[in-house]
Amino acid sequence: MRSVRVVVVGGGVVGFSTAVCISEALPSCSVCLLADRFSPDTTSDGAAGIVFAAPFPDIPLERQKRWFKDSFDHLLELAQCQASPDAGVILSSGWQIFKDVPAVKKPFWSEFVIGFRFMTDGELKRFPHHKFGQAFTTVKCECSSYLPWLEKRFRKAGGLVEKRKVTSLQELSDFDLIVNCSGLGSRTLVGDTQMYPVRGQVLKVEAPWLKHFIRDGDGQTYIYPGVHSVTLGGTRQEGDWRLQVDPAEAESILERCSRLEPSLRKARVLSEWVGLRPGRRNLRVERELVLLQGRQVPVVHNYGHGGFGVTLAWGTALDAVGLVKHCLNELPLQAKL
Ligand SMILES: Cc1cc2nc3c(=O)[nH]c(=O)nc-3n(C[C@H](O)[C@H](O)[C@H](O)COP(=O)(O)OP(=O)(O)OC[C@H]3O[C@@H](n4cnc5c(N)ncnc54)[C@H](O)[C@@H]3O)c2cc1C
């Protein structure tokens, strides 16, 4: 019997991953997901969805490795099964190239992706302005398909979904436990002033001849072939809240990408998009007690994934489930009955 009422706030990749993981792991919970925006209108929807990460500075690397590995294994399995076309998850091979040899040549996730190696001098010849490169196979997870797929999986596990803006956690005092996956919305919802936007602009172009990704190690320029189009990026503008496409930036993206891959000069532009990454110095997966209508209610936070939310969503969702379990053990008996 389902008796503990859990609410998840957030309908992006973090919210739906967390809601799925809770409802499947904890059948004693009835889980309701609330969000004011759903696919195709979330930040997650526009992300290229390449599985790749840079470390958060103050989180133990072992924990970040676990997040990466859990996510990678989950998505790799999806990419290699019948569900792959529905879920929008595919394998993606390519190169990350650097103008100068980086201080860390082997990133922390190199042991989890497939076939990580340094590029040979021969391979680097096609990038004359770059001195060093990494070749590997990772996963690309396209949220415009993946979010609807996760929603179906969540509903199948008994989850409920409601479109609603939450202005204060006080509105959720009817629930036994709150899970906050509101991304950048956490700045207002829980007053987290450490949250800031990192604006990103991208283009989608038609270039079906491109099969390999190319990412400049500075994170500013990338070419990610996907299921129906190729994503070209990008920008990383901290503190910039503008959601409009900037034509000068679009031109600069096309120019930078075409320098890496000249055939892109012939590609047709299909769409342009801007999203705000939920920036935070350190991603937050932790629990606390909040006083709501005179009652201490456990809140599990899972937000602040910055530019790596698609990459880390499943791993941090599993971590959040662990925190939910802790909270359930401490709930007063009447909530569990
Ligand atoms: C240009 C660009 C490219 C990117 N590329 C990649 C990539 O290749 N790989 C990668 O891993 N990541 C990438 N990212 C980052 C990724 O998009 C984010 O990290 C991820 O989408 C964060 O997911 P989220 O669920 O936390 O947030 P969101 O997708 O923003 O979802 C937040 C949810 O919370 C809801 N919400 C917020 N506040 C409230 C409220 N008060 N009441 C009700 N609902 C609320 C919103 O409606 C929404 O449903 C990219 C981002 C950008 C902008």
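Cβ coordinates are placed from backbone N, Cα and C, and glycine is handled just like the others.
TrEMBL lists 5-317 with the feature domain 'FAD dependent oxidoreductase'.
If you look up TrEMBL, you'll see D36, R37, T43, S44, V166, G306, G307, F308, G309, V310, T311 marked as FAD binding site. Neighbour count (other Cβ atoms within 10 Å of the Cβ, all protein chains): 16 for D36 (FAD binding site). The secondary structure of D36 (FAD binding site), as reduced to three states from DSSP, is coil rather than helix or strand.
The annotation D-dopa binding site is assigned in TrEMBL to Y222, R277, G307. The 10 Å shell around the Cβ of R277 (D-dopa binding site) contains 23 further Cβ atoms across the protein chains shown.
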For R277 (D-dopa binding site), what is the secondary structure by DSSP, using just helix, strand and coil?
strand
Rounded to the nearest Å - Cα separation of V166 (FAD binding site) and Y222 (D-dopa binding site):
36
Cβ neighbours within 10 Å, counted over all protein chains: which one of the binding-site residues T43, T311 has the most?
T311
Which residues, sitting 6 or more apart from G309 (FAD binding site) on the same chain, put a CB under 8 Å from its CB?
G12, V13, V14, T43, S44, A47, G183, R277, P278
Applying the rule Cβ within 8 Å of the centroid of the Cβ atoms of Y222, R277, G307, what extra residues of the same chain belong around the D-dopa site?
A47, A48, V198, G200, G219, G233, G234, R236, G306, F308
Rounded Cα separation (Å) that holds between Y222 (D-dopa binding site) and G307 (FAD binding site):
13
